Amino acid sequence: LNECKQLNENQVRTLCEKAKEILTKESNVQEVRCPVTVCGDVHGQFHDLMELFRIGGKSPDTNYLFMGDYVDRGYYSVETVTLLVALKVRYPERITILRGNHESRQITQVYGFYDECLRKYGNANVWKYFTDLFDYLPLTALVDGQIFCLHGGLSPSIDTLDHIRALDRLQEVPHEGPMCDLLWSDPDDRGGWGISPRGAGYTFGQDISETFNHANGLTLVSRAHQLVMEGYNWCHDRNVVTIFSAPNYCYRCGNQAAIMELDDTLKYSFLQFDPAPRRGEPHVTRRTPDYFL
């Protein structure tokens, strides 16, 4: 799998069944111990995921926490998600994989994963095995009780982590409501709650982040979901950090990627990286459409 090779259809089915058994036991707020390296969107950029492991350390030597969006937009969604799920099955205590807004049946039919499965396997079975598995992915993680990690952001219907623990996550990502918000929301310069330009989730201001962190005894909300040119970006007076781990996103954005290392004492440091050198990849001119949900 490390050589960007595919499994056959039956192997994928078996892999997904095994992964379900493991993920079923995990919480909506999955507890994670430091040291751990926290990663943002990967989006099927397999060679850049290899670069991430080169920079951050191989699994299982390094503990990893991925905050979703493994598929769509990049050319190697199949190989990327297969590898991450295989690592989860092999080293369940060493890697945590959360759900992103792209780990959904609906979104993957628009942004590439469905078409890629069809192209590589000749039918939609592999897409079905993976999207069924996505329903089992934990929504959020909590590192040593202090750093709260999730794909998108906060929700007006959630005040405490216990509210999240009480959600039924075994379903397709809904169009609205708390589960949707956790995967779709974005921090914003404006205070309070706002309508999201994405058409799902909300924008939330610094007042919201500070209140949430204080109420839940947190020092930081770590999230992904937004392209940031340096690979990471602080906002809300360091109550929130955005981490994005797909360099030169969509093979055309020119951004750096980053990962956040948390040591034994929860001290953080960021490692930035550029795209892996590429050979023989098609040149992209097509503009990928932005969300129109």
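One is the number of the first residue shown, and numbering goes on along the chain from there.
Each residue, glycine too, has its Cβ placed from N, Cα and C.
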Query: In Swiss-Prot, the Mn(2+) 2 site includes Asp69, His151, His225. Which of Asn10, Asn28, Asn101, Asn255 does it also list there?
result: Asn101
- request: Compute the centroid of the Cβ atoms of Asp69, Asn101, His151, His225, then list the same-chain residues not in that set whose Cβ lies within 8 Å of it, in sequence order, for the Mn(2+) 2 site.
  value: Asp41, Met67, Gly68, Gly100, His102, Gly152, Leu183, Trp184, Ala224
Statement: Same-chain, non-site residues whose Cβ lies within 8 A of the Asp41, His43, Asp69 Cβ center for Mn(2+) 1 are Gly40, Val42, Gly44, Gly68, Tyr70, Val71, Asp72, Arg73, Gly100, His102, Ala224, Phe244, Ser245, Ala246
- prompt: Cα-Cα separation of Asp69 (Mn(2+) 1 binding site) and Asn101 (Mn(2+) 2 binding site), in Å?
  reply: 7
Task: Ten-angstrom check, please: count other Cβ atoms within 10 Å of the Cβ of His43 (Mn(2+) 1 binding site), all chains counted.
output: 27
